[in-house]
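Peer 1: I am attaching a structure below and will ask some questions about it afterwards.
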Amino acid sequence: MGEWVIGAFINIFGSVAINFGTNLLKLGHNERERLALQDGGGKMPLKPIIHNQTWRVGILVFLLGNCLNFISFGYAAQSLLAALGSIQFVSNIAFAYVVLNKMVTVKVLVATAFIVLGNVFLVAFGNHQSPVFTPEQLAEKYSNVTFLVYCGILILIVAVHHFLYRKGEVLISTPGQEISSYWKMLLPFSYAVVSGAIGSCSVLFAKSLSNLLRLAMSSSYQLHSWFTYSMLLLFLSTAGFWMTRLNEGLSLYDAILIVPMFQIAWTFFSICTGCIYFQEFQVFDALRTTMFILGMMCVFIGISLLAPDDTRGNETKDNSSSLDSIVSSSVPTEEDRLIPQSSEDGHSKDTRVVVQGMYMKAADLIAKTKTACLAALGFGEDSINASAILVMPMVSSKITGFRGNGLERAKILSMRGSGWSKLAMEEEGTRMLEKTISSKA
């Protein structure tokens with residue numbers, strides 16, 4: 001049995017464990033909310049989720065799955081494992097049905113069939129080699145002309161889509177400007193492409209680290225080297241970027257659009273990066289290339305079919321729009337808050353308010369960054385079904401939807417529309433600020 005088979009099985013078990021863990025995390029949050037309703041009628045504050053036994057088991061299974069996926073990259077090709085990670089969608093359906101008692105529709109079954117069929121093609125015709133590289137060989141591959149050209153193209157793609165995204169933001173923020181359906185589709189697409197292109201590099205660095213770990217176990221190679229630490233730093237940076245963009249993107253856009261875009265972009269760039277860097281395409285002939293591409297198309301079709309219902313997305317969007325208007329009308333703008341109470345000490349009060357506002361803004365950004373990093377591990381007040389860094393996170397499906405609540409989305413949209421000049425503060429922060437102004441008046 002080839003080593004690629006071992007890597008494939010480890011990856012499958014890891015993906016299944018990740019999905020089982022995330023469903024247990026979701027179940028733990030549901031149990032906590034149900035107990036809060038039973039004990040205090042929903043008025044009592046929720047206990048920390050870490051006290052829930054189901055959640056603790058879920059986080060252990062989740063971490064075990066991530067470790068298995070990390071190990072698997074040392075035994076099989078990146079292009080194979082990146083595509084094979086889509087098997088988690090199949091296991092998620094089964095676990096959501098058994099653990100969360102969710103309904104499985106015909107559309108979900110059809111999507112599952114496409115994903116399974118695509119994975120059969122990918123496994124049968126993918127790269128079956130699993131060589132172990134030395135640090136010198138890995139470093140040499142980073143200076144390969146083909147890989148450098150690919151990196152240049154990748155940077156160009158990221159720059160173009162980032163420019164388009166910023167241009168679209170300017171058009172949206174312009175008062176009275178009509179936004180065409182073209183820009184409404186291009187904005188989330190550009191956001192997903194930038195996120196997937198950079199975030200998928202975490203798979204490359206993870207495979208390099210896994211390769212070094214495997215080399216250290218089979219020889220006298222010492223992990224204590226500049227190359228190992230460089231790979232670790234790059235992995236943490238790209239993985240952190242991916243998780244942050246993933247969390248933010250799901251709060252900004254309807255899941256029916258952004259979910260399949262995220263998943264397809266991440267998988268596509270992960271496969272391309274592995275094929276170019278490790279030169280995995282060299283073993284492909286015309287037949288294997290055709291069947292591998294066909295398998296990828298089947299997987300992408302299946303992922304697209306797993307997007308949430310349009311009706312559900314519209315309902316959420318309508319609710320978000322109404323909440324956005326509520327938040328916008330209830331939270332005073334910066335200009336309203338910074339009106340001086342008197343002409344004598346207006347300047348000093350204005351300065352104090354601005355300084356306090358800047359401080360609260362910085363604290364809010366730090367809190368959001370911390371939340372984004374911990375969200376994928378299930379920590380925090382809200383359950384988030386992000387599954388892994390090394391495989392495409394199971395962020396949303398018809399079974400276990402992953403969307404920020406409407407109030408969070410409204411706050412973010414309000415902040416994005418107002419810009420830096422208008423400080424977007426939470427309600428508690430606003431009350432504290434107004435109280436400070438009145439006490440010093």
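Every residue gets a Cβ built from N, Cα and C, even glycine.
Swiss-Prot feature annotations, pasted as is:
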TOPO_DOM  1-4  topological domain 'Extracellular'
TRANSMEM  5-25  transmembrane segment
TOPO_DOM  26-56  topological domain 'Cytoplasmic'
TRANSMEM  57-77  transmembrane segment
TRANSMEM  80-100  transmembrane segment
TOPO_DOM  101-105  topological domain 'Cytoplasmic'
TRANSMEM  106-126  transmembrane segment
TOPO_DOM  127-144  topological domain 'Extracellular'
TRANSMEM  145-165  transmembrane segment
TOPO_DOM  166-184  topological domain 'Cytoplasmic'
TRANSMEM  185-205  transmembrane segment
TOPO_DOM  206-222  topological domain 'Extracellular'
TRANSMEM  223-243  transmembrane segment
TOPO_DOM  244-255  topological domain 'Cytoplasmic'
TRANSMEM  256-276  transmembrane segment
TOPO_DOM  277-288  topological domain 'Extracellular'
TRANSMEM  289-309  transmembrane segment
TOPO_DOM  310-441  topological domain 'Cytoplasmic'
REGION    313-347  region 'Disordered'
COMPBIAS  320-330  compositional bias 'Low complexity'
COMPBIAS  334-347  compositional bias 'Basic and acidic residues'
Peer 1: Apart from its near flanks, which chain residues at least 6 from the ends of the transmembrane segment (145-165) lie with a Cβ under 8 angstroms of it?
Peer 2: 186-187, 189-191, 193-194, 197-198, 269, 272-273, 276-277, 279
Peer 1: Before we move on, state whether the transmembrane segment (256-276) and the transmembrane segment (185-205) share at least 3 Cβ pairs under 8 Å, counting only pairs 6 or more apart in sequence.
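Peer 2: Since 3 or more Cβ pairs under 8 Å link them, the transmembrane segment (256-276) and the transmembrane segment (185-205) do come into contact.
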Peer 1: What is the number of residues in the topological domain 'Cytoplasmic' (26-56) that are helix, strand and coil, as DSSP sees it?
Peer 2: 22 helix, 0 strand, 9 coil
Peer 1: Please give the sequence-distant neighbours of the transmembrane segment (80-100): residues at least 6 beyond its ends with Cβ less than 8 Å from one of its Cβ atoms.
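Peer 2: Same-chain contacts beyond the ends: 4, 7-8, 11-12, 15-16, 18-20, 22-24, 26-27, 30, 69, 72-73, 108, 111-112, 115-116, 118-119, 122-123, 126-128, 200, 203, 263, 267, 270-271, 274, 295-296, 299, 302-303, 306, 387-388, 390-392, 394, 397, 399-400.
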Peer 1: Counting Cβ pairs closer than 8 Å, which of 5-25, 223-243, 289-309 has the most of them with the transmembrane segment (106-126)?
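Peer 2: Highest pair count goes to 289-309.
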Peer 1: Using DSSP, tally how many residues of the topological domain 'Extracellular' (127-144) sit in helix, strand and coil.
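Peer 2: In the topological domain 'Extracellular' (127-144), the DSSP-based counts are 8 helix, 0 strand, 10 coil.
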